[in-house]
Amino acid sequence: MQGQTQSISFDGREIRLTTGRYAPQAGGSVMIECGDTSVLVTATRSSGREGIDFLPLICDYEERLYAAGRIPGSFMRREGRPPERATLISRLIDRPMRPLFPSWLRDDLQIVATCMSLDERVPADVLSVTGASMATLLAGIPFYGPMAAVRVGLLGDDFVLNPSYREIERGDLDLVVAGTPEGIVMVEAGANQLPEQDVIEAIDFGYEAVCELIKAQESILKDAGIEQVKPEQPEEDSTLPVYLEKACTKAIGEVLSQFDQSKADRDSKLDAIRSSTAETIEALKDSDPVRKLVSANSKALPTSFKALTKKLMRQQIVKDGKRVDGRSLDQVRPISAAAGVLPKRVHGSGLFQRGLTQVLSTATLGTPSDAQEMDDLNPSTEKTYLHHYNFPPYSVGETKPMRSPGRREIGHGALAERAILPVLPAKDTFPYVVRVVSEVLSSNGSTSMGSVCGSTLALMDAGVPLKAPVSGAAMGLIKEGDEVRILTDIQGIEDFLGDMDFKVAGTDKGITALQMDMKITGLAMGTIAEAINQARPARLHILEKMMEAIDTPRDGLSPHAPRLLSFRIDPELIGTVIGPGGRTIKGITERTNTKIDIEDSGIVTIASHDGAAADEAQKIIEGLTRKVNEGEVFSGAITRIIPIGAFVEILPGKEGMIHISQLSEARVEKVEDVVKVGDEVTVRVREIDNRGRINLTLRGVPQNGEEAEPAPAPTPVAPLN
């Protein structure tokens, strides 16, 4: 079980690929490691299924908490449903792998990446992507690889290859680049309003490292004596495609060139052409080869008809520079935007429409206790900004069961979330937890970028002080031989029949998020740079239209949003505020009808719909945490009486005791002879004992309205600026 290990060094970090040692019954397996992070990746192929017209590829990323030396917190103490992070990494593996399998392959393929050990300095996601390529090559699956991925960070003015978690948090860029020898196949990034040129340079920097990892995979194959299985296109029967080209080209071309029609009309006309063609084929003789082929395979006609439609649409774009809706290549669809479309019980709302794509986004403000706790391998323990994306079937005019969010919904929500994160206010100035939900009401391309635009409108309507508004656009690509055409603001059919979906989001200063997926085996750096630069005027045009609806965040919050009051206390006094078993803080919340959150750093956040109640809770906490000195004089009410003395609330929530001997200069037989519960008295702090108990006295202190020595002003509480 020795296996073979190939190592490659990046900026002092070594990546190791071990093959031939683990999972011997999998089609191919590799343990890919960097630092103490180890990911086992397997690729397995089983016989194909009859009658399908797609590649049944499944990519799964599995997290095991033992990788970080932890036991799951669930009742069963076992990992359950994959967390959102695992779903996103599964998509990260799938997106660069899928276009590298031949279009004719119909075998069941499964790639499983299992994180076996996690080093907090080394994220496991990009290792999983590279491992997926290596495992697929070892499995002998037809594949246009090798493919590899790296992460690029930006610290100051320097690019960092495969940065640690801390470097990612500190930096202005988190970019993942995947590529093949032919070019780049996938890009995903979050950025802190970086200029386009900086992002382009980062992608180029990352691709150089990708090429080194590709060479390492080729070396492993060579040393093991394994020859890569290159995809070979099987002979296809051209009978049906040739027939359709003669019978349908003119009719399809006429439909695609009718620019003033709606999507529904165009789809209806194309369906009518296909149905008419099916009837014509059905009327052919039984011995006719076209009828035989269509009768034997129900998918043959729809597949060939779609291929012809794709070919004609692409030709129209390349040769005539016209799209199916008549737009030029760099033209954005008509845009409308509105803020505050829902009643203010919804804290903020925005409606964004671009062409036939319509998204309604809502923003909800919550308290720190509403933060999402993360039970996964990510060092971050909670999320205070959440974006959830919903894609109901009616948005595309279909009927389907309504189920929980799938991978696509989770991925689109994460992209929109990432686009907004860099412009959110600092926690110190705006301590709210914010949840945005984007409801896709109508879909015809680029709903994720529509969600970004809708989010901006909703957040500004909710009064969230964004650093800058964010808009987004989706770019497309048609590549026919050496002819390349980049499309701005692609709609559904252009996404479906095109070669690229490149989403770019950002402010007027720069990019905050981007995501590129390909349907071809690689794209040159120059074309990617052109797409990024072409997206900027589109983004700014969209942003201008959004600003016509709302150009600055609202001055006030919704009357139904909670009011938060934040201040700092000495972290060593947190226990005093909480009290034994939480008794003190529970009493404060019940007395004032507020929610109170205290962080380990000493930041206290009080949430209430009543400002006066929040102020009262703050006074109580300040009283509890204020240092009391011997000799200070306070006025307060008698709260309770015991045989040996009486208790006085000298500050909100803080009591001291007057011993019976300190009630009067004369001897007192019974406490009630001098004071009763509710009496207002003026007391002096006689001493504070070694257990922190405050002992008070009435002796020598003026009473009954006589002027008393004022207490010193309380220590100022540091505001949260």
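Note that Cβ sites are derived from N, Cα and C of the backbone, with glycine treated the same way.
Quick caveat, the model's predicted, so the values are computed rather than measured.
Looking at the stretches 304-325, 436-457, 568-589, 700-721, the one that Swiss-Prot records under the feature region 'Disordered' is 700-721. Look at the Cβ of each of the binding-site residues Asp495, Asp501 and count the other Cβ atoms within 10 Å; the largest number goes with Asp501. Asp495 (Mg(2+) binding site) falls within a helix when secondary structure is assigned with DSSP.
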